[in-house]
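Below is one structure, written out as structure tokens; the observations come after it.
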Amino acid sequence: MAHTLPPLPYDIDALEPHISRSTLEFHHGKHHQTYVNNLNALVKDTDLADQSLEQTIKAVAGDDAKLGVFNNAAQVWNHSFYWQCMKPAGGGEPSGALADRITADLGGFTAFVDAFKKAGATQFGSGWAWLVLDNGSLKVSKTLNADNPMVHGQLPLLTMDVWEHAYYLDYQNRRPDYITTFLDKLVNWDFVAANLAAA
Ligand code: MN
């Protein structure tokens, strides 16, 4: 059963002007598709061919000989998750149980924003910023390249891609502007809250 590219959960121009149609055409249509294609080629005719994406990620994590499989599988998962973490007219502050947990575990929404911006801005090179559930507590973290919190015993709740391909067409080298826009205009807090509620 080959892995497939999931469609974007909104129209390709729905995140404009914050993330352009051009960025999503490349990022979803080229980069994400390439990870899917690479993964399918790498697992073809192996014992991983019939495994789910999460099974594959967990099976090869930490195995240096399978680093290519891990990188492509995790990048497929990370991007599918990232698209859902955004929506048109998103951003701002969450409410309800999620807001209460951010206050209790992270010291409030402003403290979360500071930590999340710092995680995204200080990830040297390529990677991801995350809000995760770690031992029952919310935590902000960052990972390098394709790495995913699920192989570190954490449950991903929210992610932001900080690879240059995520923002360069729209923001060039201004990663902090992309991060601020992600938080102010794009975050889909309903998706994050649903992830927390399902934990
Ligand atoms: Mn990306």
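Every residue, even glycine, has its Cβ placed from backbone N, Cα and C.
Matching HIS18, HIS27 to the Mn(2+) binding residues that TrEMBL gives (HIS79, ASP161, HIS165) identifies HIS27. Across the domain 'Manganese/iron superoxide dismutase N-terminal' (3-87), DSSP assigns 52 helix, 1 strand, 32 coil. Per DSSP, the secondary structure of the domain 'Manganese/iron superoxide dismutase C-terminal' (94-194) breaks down as 55 helix, 24 strand, 22 coil. Close to the recorded Mn(2+) site, the chain also has HIS28, HIS31, HIS32, TYR82, TRP163, ALA166: residues not among HIS27, HIS79, ASP161, HIS165 whose Cβ is within 8 Å of the site's Cβ mean position. Within 10 Å of the C-beta of ASP161 (Mn(2+) binding site) we count 25 further C-beta atoms, all protein chains included.
In sequence order, PHE26, HIS27, HIS31 are the residues near HIS165 (Mn(2+) binding site), counting only same-chain partners six or more apart with C-beta under 8 A.
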